[in-house]
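Reading through the structure tokens given below for one structure.
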């Protein structure tokens, strides 16, 4: 048996050149121009068909969707609650009354958040009568004014620091928006402290009331200029309190369909936060 002779570099190079282009058969990379044309045509038609099929299925799906109202809304039967400003760590508002730098961010966030609620920003909105639902047929939807004065001591009008410098900090509570939600009753926000005799809790508007005139909400695109109703929670620590640390829990009350208890979601319709005010 003879050993296979090893090809020289020049032989290998010649074979590669012949593979790349064979002048005798006119093949390029082992295929004739006709063969290359057919295979390119096949893949062009194949991937073109896939792209067309994908585009068609997406178009069909988009025809079933409404650009203004979500198609499926049954998974969100009742709204949750959110607080503002958002603290940097969890839901703990920790600051020092004697150091403005520690609560500067809270104050700035509140001012920026409440700018759309100013009289100037709402001059083109509707002054709706209170106490009743504001049903609208469209296609044009009016947005009701929410006067920032309803927040009273937490409006930033009389106290530009929103009570933080006096040990009476304000936190805004808002209910998540759900399109075409209609409360069955008169909703309001109640807040309690888990610790006794440390701080008093005051809500604005009075009794934490959320007026029915802000319902129903018709969606961001249809209900242009909508102002979400707010409830301000002011934590008033006693002047002689040695410990200025309290946990507040707020929840939705006053209606039969806005829930604040759920075995699967313990935060449905409620929110809990802590306020720690150092001297």
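Just so you know, glycine gets a Cβ as well, placed from its N, Cα and C.
Note that the structure is a prediction, hence the values are computed from the model and not measured.
Given the ranges 15-35, 36-56, the record in Swiss-Prot names 36-56 as transmembrane segment. Annotation note: residue 144 (disulfide bond) sits in a strand segment as assigned by DSSP. Under a cutoff of 8 A between CB atoms, and with a sequence separation of 6+ in the same chain, the neighbours of residue 191 (disulfide bond) are 173, 201, 203, 208, 233, 248, 249, 250, 251. Across the fold, the C-alpha of residue 144 (disulfide bond) and the C-alpha of residue 158 (N-linked glycosylation site) stand 24 Å from each other. Around residue 154 (disulfide bond), the C-beta neighbours below 8 angstroms that are at least 6 residues distant in the chain are 162, 163, 170, 172, 204, 232, 233, 234.
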